[in-house]
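Sequence annotations record features per position, and here TrEMBL assigns compositional bias 'Polar residues' to 400-410. Residues annotated as compositional bias 'Low complexity' in TrEMBL: 633-647. Feature annotation from TrEMBL assigns domain 'Cationic amino acid transporter C-terminal' to 539-589. The region 'Disordered' annotation in TrEMBL covers 399-420, 625-647. Positions annotated as transmembrane segment by TrEMBL: 37-58, 70-90, 102-123, 171-190, 197-217, 229-255, 267-294, 350-366, 372-391, 509-529, 541-560, 566-587 (among others).
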Amino acid sequence: MAACPTGCAPAARFCQKLNRLKTLDEDMMATSLKRCLSTLDLTLMGVGGMVGSGLYVLTGTVAKEIVGPAIIISFIFAGFASLLAAFCYAEFGARIPKTGSAYMFTYVSVGEIWAFLIGWNVILENMIGGAATARAWSGYLDSIFNHAIQNYTETHIMQWNVPFLAHYPDILAAGILLFAMFFISFGVQVSSYLNHIFSTISMVVIAFILIFGFVLAEPANWSPKEGGFAPFGLSGILAGSATCFYAFVGFDVIASSSEEAKNPQKAIPIATAISLGLAAAAYILVSTVLTLMVPWHSLDPNSALADAFFRRGYSWAGIIVAVGSICGMNTVLLCSLFSLPRTVPRHSPFWFFGTLMAIMALIFDLEALVQFLSIGTLLAYTFVAASIIVLRFQPEKASSKGTASTSPNPTVDPALSESQTINEDRGELKQYESFSDKLQLVERQRTSERHGAGQLKAFWEPYLGRMLRDFEPGEVVAFCVVILIISSVSFCVVLVYGNGQLYLPLWSYALLLVIFGLAYVLSLALIWMHEPQAKSKTFQVPLVPLTPGASILINVFLMMKLSFLTWIRFTVWIAIGLCVYFGYGIWHSKEGLRELQPKDMAARYVVLPSGSLVETVQSVQPEGQADMAHHISSSSDSTVEESTGRR
C-alpha cells in the first residue's frame, strides 16, 4: 500500500484512535469479581429480566391500542428477532466472559467509537428499563386502589400538561427505584437471592393464570362481532412487534453477568436459550388467555390481567395476579439495576445513573419510555450481530506477550523459532533470526497463509482472487458488513416509508427494493466466500453470516416501525453521547493510555501479510530518541525492500 502523504498523517492517526480495539488479558477467566453464579442463577436472572412489566402491563396496552388479539403473532415475531440477537450475545458471553455486555463485545471486534455509542445506549437501556418498570409497578398498584395515588398527587401535589412528559410526577415510582438500589448495593448474591424469590412467585402465578384463564376462555372474543383476530391488519401486527420487543430485552443481563458465572462457556448459552424460550412461551400463552377472557377493546391498559379476572367475577384471582405482577416487575427492576454497575463499573456512577433513572421514572410516561428503550436496544443488538461477523472472519491472532525482547539493546534473541508470531496492527508477522538464510521461506509463508481465516476460500480463488488479492485478511468481510448494514437500512426505509411518506411511484418503489435487496444478498454471499475461524470449543452462532445478517435486517426493520418522536429523542441522546466522547472519552481512553506506555526496541525481519520481507525496529526510547529510531527503521525498510525487489 502506498504511504500516506504527510498532510493526512494526523487524520490517519485520528481515525486509528476512533477504531482502536480493546486489549484483553490472555486468561479470560481472570477477574476481580467472585464467580458464584450457576446456570440456574443465570437462567432465573434471564427470566426475571424478561417476564415482568411487559407481561402484566405491556400486553394489555399493545392488544388494546395497536394490535388486538393478533398480539400473539407480534410476540412470535419479536421473540424470533430476540432469539437471533440472543445467539450473538451467547457466543460473545461464552467467548469473552467479561462485564460490559454489548459495549465490550463491540470494543474487542469493531472499534472504540462504536463501542462507546453502544455503551452509551446500554446505559440508556438499563436506565429506561428500570424507569419503565418502576412506572408500570406504580401504575399497576394504583389501578388496584382505583387510582387513589394518582388522584391524590394531581389534587394535592402537582400536575402538568407538558409535551413528552407524564401528566403528574410519579413519586411512588421514583421511591421504588431508590429503595431497590439500596438492595443492589449489597452485591450479586443478595440480588440473586431476591431474584430467586420473586421469579419463583411470578412463575407460579403465571401457571395459575394459564390454567384458570383457559377455563374462562370464550372463543367469541375473537369473532368478527368483537372486531376479529387482527382488527388493525398487518401494519398493526408489525408495529406491535416493535413495541413487544421491549418484553425480551432483559436477556442481556445474562451476558452482563458472565464475569461472575462459574462456568460461562457452558452456562451463558444454556441460560440464554432456556430463559428466552420460557419468556416467549409465557408471553404467547398469556396474551392468548387474556384476549380470550375479555374482548380486546375493553382491556384496562394499566392492569389488564388482574382487571380481566375482576370483571369475570373472580376478585380473589385478581388479587393473586396482582401479587404475581408486583413480584414479576420487581425481578425486572432488580435486573435493570443489577446490569447498570456492570456497564458502569465504578460505584459513584452507579448511584449517579440510578438517581437519574429515578428522575426519569418521576417525570416520563410509560409509553414514551418503552419506545425509547426499544430503539436503543435494537441498535445495540444490530452492532453485536455485526461484531459477530467481523470477529468470526478475523485472522487468529497470537498473543504478543512474551514475543518481544525485554532487553534495552536493539538485538534479536537467536533462540526465537521460525514459527514464532507477533501480533502487530491487523496482520500476523512471522519473525526470523536473520535475513539471508530465511529469504526462501517467503513464498512458503505466503502459500500457507493464503487460505487462512478472513481470506478467500480456495474454490473461489480462480474467480475472485485477482480482484481481492491486495486486501488484508478480514478487510473484505469488514467492508461487506458495512454494505450489509447500509443496504438493510435503505431496504427497510423504502419498504416502510416508500408508499407513504416518500410518495414513490410503483416502478421506483419496486426497483429500489430490488437494488437494495440484491446489495444485501451479495454482501452476505461475499462474506460466506471467505474462510471463517476454526471451530471453537465455546458456543458459536450457527449459520454465520446468515443468522447475524438476518438479525441485522429484522432489528433495522423494527426500528423503522417506531414513532418519529422516538427517533428525535434518540438522535438527541446520540448527539449528547458524541459530545461526551469527543470532549472527554477519546482523550482519557484506557487503550489510548496503554499505547503511550513504553515498549521494548528490537530489530527483526518480518513477513508482512502482503508477502514482502522487511526489517523493522520497534521503538521504546523517550521522545527525544524517537526520530532516530524512525530514521533507522525507514532506512532498514528501504534497503530490505530493494533486496526483495532484486530477488
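Keep in mind that glycine also has a Cβ here, set from the backbone N, Cα and C atoms.
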So, does the transmembrane segment (372-391) come close enough to the transmembrane segment (70-90) to give 3+ Cβ pairs below 8 Å, pairs being at least 6 apart in sequence?
yes
Along the domain 'Cationic amino acid transporter C-terminal' (539-589), what average pLDDT does this model show?
88
Would you kindly list the residues that approach the transmembrane segment (267-294) from elsewhere in its chain, counting only those six or more residues past its ends and only Cβ-Cβ distances under 8 Å?
37-39, 42-47, 49-51, 54-55, 59-60, 63, 68-69, 71-72, 75-76, 79, 82-83, 86, 89-91, 93-94, 97, 206, 209-210, 213-214, 216-219, 221-222, 244, 247-248, 250-251, 254-255, 258, 261, 304-305, 308-309, 311-312, 539
Which stretch from 102-123, 171-190, 229-255, 509-529, 566-587 shares the most C-beta pairs under 8 Å with the transmembrane segment (372-391)?
102-123
For the transmembrane segment (566-587) against the transmembrane segment (102-123), do we get 3 or more Cβ-Cβ pairs below 8 Å once near-sequence pairs (under 6 apart) are dropped?
yes
For the transmembrane segment (171-190), sequence-distant contacts whose Cβ falls under 8 Å of one of its Cβ atoms, 6 or more beyond its ends:
33-34, 36-37, 130-131, 134-135, 137-138, 141-142, 149, 153, 157, 257, 260, 330, 333-334, 337-338, 341, 350-351, 354-355, 357-359, 361-362
Contact set, same chain, for the transmembrane segment (197-217): CB under 8 Å, 6 or more residues outside the stretch:
44, 47-48, 51-52, 55, 282, 285-286, 289-290, 292-293, 305, 308-309, 312, 314, 317, 320-321, 323-325, 327-328, 330-331, 334
With DSSP as the yardstick, break the domain 'Cationic amino acid transporter C-terminal' (539-589) down into helix, strand and coil residue counts.
38 helix, 0 strand, 13 coil
For the transmembrane segment (541-560) and the transmembrane segment (102-123), decide whether they are in contact, meaning at least 3 CB pairs lie under 8 A, counting pairs 6 or more apart in sequence.
no
What stretch of 37-58, 102-123, 509-529 shows the most Cβ pairs under 8 Å to the transmembrane segment (229-255)?
37-58
